[in-house]
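*Asks:* Have a look at this one.
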There are 2 protein chains.
Amino acid sequence: MSQKLNVIKIGGNVLDNADNLERFLTDFALVPGLKVLVHGGGTIASEIGKKMGMEPIMINGRRVTDANTLHLVTMVYGGLLNKNLVAQLQARKCNALGLTGADANVIPAHKRPVEDIDYGFVGDVESPEKVNVEFLTSLAHQGIVPVFAALTHDGEGNMLNTNADTIASTLAVALSRQFEVNLVYCFEKKGVLLDVTDESSVIHHLQPSYYQELKNTGAIFAGMLPKLDNAFAALEQGVKAVIIGDAAELQDIAAGGKAGTRITL
Amino acid sequence: MSQKLNVIKIGGNVLDNADNLERFLTDFALVPGLKVLVHGGGTIASEIGKKMGMEPIMINGRRVTDANTLHLVTMVYGGLLNKNLVAQLQARKCNALGLTGADANVIPAHKRPVEDIDYGFVGDVESPEKVNVEFLTSLAHQGIVPVFAALTHDGEGNMLNTNADTIASTLAVALSRQFEVNLVYCFEKKGVLLDVTDESSVIHHLQPSYYQELKNTGAIFAGMLPKLDNAFAALEQGVKAVIIGDAAELQDIAAGGKAGTRITL
């Protein structure tokens, strides 16, 4: 039987708040077995950009990455946030190693083709088959925990700003060739809610038939649908379970407890 | 017999000039065998700091690293410069991996004790025995080329700004346990000069007796003495040769040619 491995993605609600981050890092360091951390950092990048006189460029609610913005996110995600996460995990005896998709060519990508909108230096990852699983497996065997910033590269010398959820699911699918992988998305709610205004309405277990039923009745918040579609796509490519939940409940989630929404086939 | 390995350190005169950097990276990618790159980046950090309204804080010509400066160098060295070097080496088919001393706890350090001057978040590295040579050897066996930013950590959650020359010599000494190591300092002259105004006066080979003679007669530029003392200290700890030379002559230096000043016991 393959070894278990958790791919855990954190977003802004963890990174932007010092107390949340402290708590999360302590919990993450205690998660037993093999694990990978993936982080974003958009809010902090925007704050630092403002100090440098840069305003975020948004089209249809999505960030455009011009050359200056690429420099900014390479600094903030790949340097400031990634290295501080590594140092703080090391202080908790978790042997962390900071990575982007460029390092050891772990996640090859290409610049998103321009169609209606030019998003600039944004990366679309190549298929999970192209991920350097051999290198990640070697790290796992050495007890080293990869910490991924949301950056990839195009193989032609350019870094690329890349969606952290996509990096997490690509890694989870790729690592499923070697390990039994759970993909954990930590976000700002306790899980997928039946009633978006009621934190006690968490759906504990979501399977394809129930998901279809909820979609048909319009019971799920529309903003969650892409995330859930991606979760089912990851499951179809070999990921064992996708769990969406609150970072504050990571211990319970990692132990296979009741916290969060567990999504399986 | 141990395998040969080159530890190559570049400074501002390579990083600050796009043409120099392109040429250097092409040459570095072509250096045969095992290799490690170490880079600084002070000038670029100062430029980006100015955009953020930060002036470098200098005492006796040395940079003081307060909390904001630490954030700045963590962003610039660990993110912007390191990841762009990695991406550009990947484009040249060199399987680069960006690192700081915090990643996989490769270079443990501690904050410099405050004596007359408080340099702030500046790292003094622990002894070379503490370097994680096992991890670096595993990378070497996988054909992966480490690219080090001039940052370490204190094991208590803080990154530390650390002299790039010191990181290079510490790595060179530590790796001498496993490999036959040459330590190459690329700088702005063609080598150690007998006459600092004459680039043709390069000392091709420097050994302890000749060095002592040159010191006694005051023939070497005083600013070079600490670098040379450190070079001899590295040799005494097992490094095979230290070469000080021009980045533009890296190919010749790596091939054991006549370029640069070759320092041996």
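Note that Cβ sites are derived from N, Cα and C of the backbone, with glycine treated the same way.
What TrEMBL says about a protein is an automatic prediction, not a curated fact.
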*Asks:* Determine which of A:N105, A:N132, A:N158, A:N161 appears in TrEMBL for the same substrate site as A:G41, A:G42, A:R63.
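*Replies:* For the substrate site that includes A:G41, A:G42, A:R63, TrEMBL also lists A:N161.
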*Asks:* In the same chain, which residues outside the set A:G41, A:G42, A:R63, A:N161 have their CB within 8 A of the centroid of the CB atoms that define the substrate site?
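*Replies:* The answer, listed by sequence position, is A:G40, A:A45, A:S46, A:T65, A:V73, A:Y77, A:A150.
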*Asks:* Cα of A:R63 (substrate binding site) to Cα of A:K9 (site 'Transition state stabilizer'): how many Å, rounded?
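*Replies:* With distance taken Cα to Cα, A:K9 (site 'Transition state stabilizer') is 20 Å from A:R63 (substrate binding site).
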*Asks:* Taking the Cβ of A:N161 (substrate binding site) as the centre, count every other Cβ atom within 10 Å, in any protein chain shown.
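*Replies:* Around A:N161 (substrate binding site), other Cβ atoms within 10 Å: 24.
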*Asks:* Measuring Cα to Cα, how many angstrom lie between A:G41 (substrate binding site) and A:K227 (site 'Transition state stabilizer')?
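*Replies:* Cα to Cα, A:G41 (substrate binding site) and A:K227 (site 'Transition state stabilizer') are separated by 18 Å.
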*Asks:* Counting only residues 6+ apart in the same chain, whose Cβ is under 8 Å from the Cβ of A:K9 (site 'Transition state stabilizer')?
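*Replies:* Sequence-distant Cβ neighbours: A:L37, A:V38, A:H39, A:A164, A:D165, A:I167, A:A168, A:L183, A:V184, A:Y185, A:C186.
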*Asks:* If I take the alpha carbons of A:G42 (substrate binding site) and A:K227 (site 'Transition state stabilizer'), what is the distance between them in whole Å?
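*Replies:* Roughly 18 Å, rounded to the nearest whole number.
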*Asks:* Among all the protein chains here, how many other CB atoms are within 10 A of the CB of A:G42 (substrate binding site)?
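*Replies:* That number is 19.
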